[in-house]
């Protein structure tokens, strides 16, 4: 009988939380969309590409822009199926048309991003329309939704948003959130180090991350506006990961992608340690084990399994001996 894998024994029959690509790169114009897809083809599916209707479409050209997004989704350039789209907000008259047009693409979007959500009720209405359209068009799988938390109302209902079945991600919209305070939060909180130090911004980030982890969803950190100093970009990503428990981050410039991916990737020594502990646990039929002077059980096994899953999602090489930890369905598949 083959040895049981972590996925089979550590979650009591439930599915572990999804591990998405840790970088979400936005592109609004046709030129930037194609450039971004070429970069994704080079890097692999360690980065998602979000095709932007909200900020990308000129006034009066919303339908044409949505058609461009649909054509791009259905093109051969979408090699990995990890391309999504940001549609217009709930108050905009074109958001339903965005959904209708984009979901008719030859390849469905990996997700749809909903901006400027004011309440869980608004998000639920948008989700219901997306799901209904998906069913009408015969798309086999539900389309996950990424909700932008950038208003007071959305932050106040972060837990309710994360609990919506179709929601896969909550993303923090720092600029709009700070602006919504009408000068009560200084503009220094829109960039580092202020974005990690101002109490109201810290609170917002922590509430979003906590809501996501409570419901098995992915918290996605806001952009950094720095496009020259990649050490700052990497530092922002590390702080988002280590201090605020975010597992994903936006990118708005191609040069930001690799520093973000590298910052969210587990270190080589972490990956090696995780493999050692889990292989020993597998050999012990997932009972308690000892590694050095430290005892381990299923709680710590779940942590180290997440390390290996994140390593694979960020393109890190895994030790060859770790292969038995991944079942046949997981070999080379999604983490």
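Cβ atoms here come from the backbone N, Cα and C positions, even for glycine.
TrEMBL entries are annotated by machine, without manual review.
These come from TrEMBL:
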| type | residues | note |
| --- | --- | --- |
| BINDING | 86, 150 | substrate binding site |
| BINDING | 150, 176 | Mg(2+) binding site |
| DOMAIN | 49-242 | domain 'HpcH/HpaI aldolase/citrate lyase' |
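Cα-Cα distance from residue 150 (substrate binding site) to residue 176 (Mg(2+) binding site): 5 Å (rounded to the nearest whole number). Of all Cβ atoms in the protein chains displayed, 26 besides its own lie within 10 Å of the Cβ of residue 86 (substrate binding site). Comparing residue 176 (Mg(2+) binding site) with residue 86 (substrate binding site), their Cα atoms are 16 Å apart once rounded. A simple Cβ count within 10 Å picks out one of the binding-site residues 150, 176 as the most packed, and that one is 150. Following the DSSP three-state reduction, the secondary structure of residue 86 (substrate binding site) is strand.
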